[in-house]
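Look at TrEMBL and you will find 29-61 tagged as region 'Disordered'. The annotation compositional bias 'Acidic residues' is assigned in TrEMBL to 49-59. According to TrEMBL, the domain 'Yip1' annotation covers 101-273. Under the heading transmembrane segment, TrEMBL lists 120-141, 161-185, 197-222, 228-250, 257-281.
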Amino acid sequence: ITCPVMYLFAEFDDAANLLAANPDATTISIDEPAEIPKNQRGRPQEPGREEDDELLGTDDSDKTELLAGQKKSAPFWTFEYYQMFFDVDTYQVLDRIKGSVFPVPGKNFVRLYIRSNPDLYGPFWICATLVFTIAVSGNLSNFFIHLGKPTYHYVPEFRKVSIAATTIYAYAWLVPLAVWGFLMWRNSKVMNIFSYSFLEIVCVYGYSLFIYIPTAILWIIPQRVVRWVLMMFSLCLSGSVLVMTFWPAVRDDNRRIALATVGTIVLLHALLAVGCLAYFFDAPEVDFPIPIIPAHNGTTVITKSQ
């Protein structure tokens, strides 16, 4: 214990002797970190882009997050490989649903909610719930529209479940795949293009569809104007989540390409909403055949519907 103390005092004595002999001498301690010269600066930032870069994250921050949560990857044929895609709790799912229903201008949905732990649990069950909600609500809407007509006989249309499932799951998987491929292609052409992972894009699209679940329930109201107003409101909310997520990723690309990309994303999202409303709820009325009631004397009597 005494040796380091004696060595420290000896160092102080040498420094004192050196200063006494030469007052202009400079002493440097190896324990103190070297000061970074003031002329060494980072690369200049464009004005007004610091907040956007912080929302999107730089390559260094992304690598740090990946290394901080890096785990040993299991083979894809094992159950553990797919388990990590569903490793979320109820509070995380509810927080992401709330972020998709109440988007905040200037906030990136992926950076705030998805980047730390992307999942497939929320998107899968949101799509499944939306499928049955649209199918059941569409049948109820058809029932209430024709209720009271003497020629109408209610028959549940189970084929609507398969049609809704094919449409919604195809949209929730194929469109993100196309967007991911396009961003990867533009990233190879333009170095400043920021790209999301395929799992992150699937999360964004899956959670953005949640607003249509309560909207589909309200579509049972037999008023066409009310239905279209609800559709436009839901489209604005869910579409704003997509725009605020993908616009920062393509803003550094060619202006026309960036606008065309965001416009295509919004257009496909609008086609899904309009198609579901028009097919499942605003289908044209079918003329039901007039029932023919046989009479007891062998003649037939045709009843007239009012």
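Note: Cβ is positioned from N, Cα and C throughout, glycine not excepted.
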Restricting to the same chain and to residues at least six past its boundaries, which positions have a Cβ under 8 Å from a Cβ of the transmembrane segment (161-185)?
123, 127, 130-132, 134-135, 138, 193, 195-198, 201-202, 204-206, 209, 246, 249-250, 261, 265, 268, 272, 275-276, 279-280
Which whole-number mean pLDDT does the model give the domain 'Yip1' (101-273)?
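Computed over the domain 'Yip1' (101-273), the mean pLDDT is 89 on the 0 to 100 scale.
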